[in-house]
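S.K.: First the structure, then my questions, so here it is.
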Amino acid sequence: MRIVFDIGGSVLVPEDPDIDFIKAIAYELVKISEDHEVAVVVGGGKVARKYIQAAKEFTLNETFKDYIGIHITRANAMLLIAALGEKAYPFVVQDFRKAWEVIQLKKIPIMGGTHPGHTTDAVAALLAEYLQADLLVVVTNVDGVYDSDPKKNPNAKKLDRITVDQLVEIAMQEESKAGGSGVVDALAAKFIQRGKIKTYIVGKKDAYHLFDVIKGKHSGTVVEP
């Protein structure tokens, strides 16, 4: 299989880098890459949001602030490259064609953000579409897709299996709310829909066992194309 992993920045670096987690997923990714083609996109998470918030004191330029976030995602990506060692391509990959070339070299391409206005979820979905991946695995700080925000609603129900059309609907509903924070943003959901990409959305606990996740053994949400 060809698999794209979308690792949330807040999972990798919640406040400070989670060294044990980074070691664990690096081990899992190397193991998976022995039998499958693997590409990874890393997010900026809380650290990126802090920098972007600070930048608001100095500039109203949204594109400039997006670039700040992109640089943070690439710093996180470099951390994972270091953890993966020789199995990873030694530089942060910045475009999809290069990711394809790296895969042909039997290495793991690691990407961060690419363009202003695109989240790393959107980048991962586009990369999966470009590579014609068999599977997209989204690792987030929520253990799947819920029918409402579980941080605000203790009775929120996790959805074990949904269609991509449902994912788009849920993402758009969350995005329309003030402060809404769905597990996947609406643009990424639409790219998943367009690319007809089978997607697993899992939490940090499952991410310690990515080798099992790709076999469908997880407690997250399956998104059917």
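First residue shown is number 1, and so on along the chain.
Any Cβ shown, glycine's included, is placed from N, Cα and C.
The model shown is predicted, which means the values in this text are computed figures rather than measured ones.
For G9, S10, G45, R49, T140, N141, Y146, D149, the entry in Swiss-Prot reads ATP binding site, with the evidence type sequence analysis. The UMP binding site annotation in Swiss-Prot covers G44, D66, T114, H115, P116, G117, H118, T119, T120.
Where in this structure would I find these features, and how exposed are they?
M.R.: DSSP classifies N141 (ATP binding site) as coil under the three-state reduction.
In this view, H118 (UMP binding site) is surrounded by 18 other Cβ atoms within 10 Å of its Cβ, with every protein chain counted.
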S.K.: Of all the binding-site residues given, T120, N141, which residue's CB has the most CB neighbours within 10 A?
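M.R.: Of the binding-site residues T120, N141, the most buried by Cβ count within 10 Å is T120.
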S.K.: Non-local Cβ contacts of G45 (ATP binding site) (under 8 Å, 6 or more apart, same chain)?
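M.R.: Listed in sequence order, they are G8, G9, S10, V11, L12, V13, P14, N76.
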S.K.: Which whole-number value in Å describes the distance between the Cα atoms of T140 (ATP binding site) and T114 (UMP binding site)?
M.R.: 19
S.K.: Give me the count of other Cβ atoms within 10 A of the Cβ belonging to P116 (UMP binding site).
M.R.: 14
S.K.: DSSP secondary structure for D149 (ATP binding site), reduced to helix/strand/coil, please.
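M.R.: Its secondary structure by DSSP: coil.
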S.K.: Enumerate same-chain residues with a sequence separation of six or more from T114 (UMP binding site) and a Cβ-Cβ distance below 8 A; give 'none' if the list is empty.
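M.R.: Looking at Cβ-Cβ distances below 8 Å from T114 (UMP binding site), excluding near sequence neighbours, one finds I70, Q94, D95, V123.
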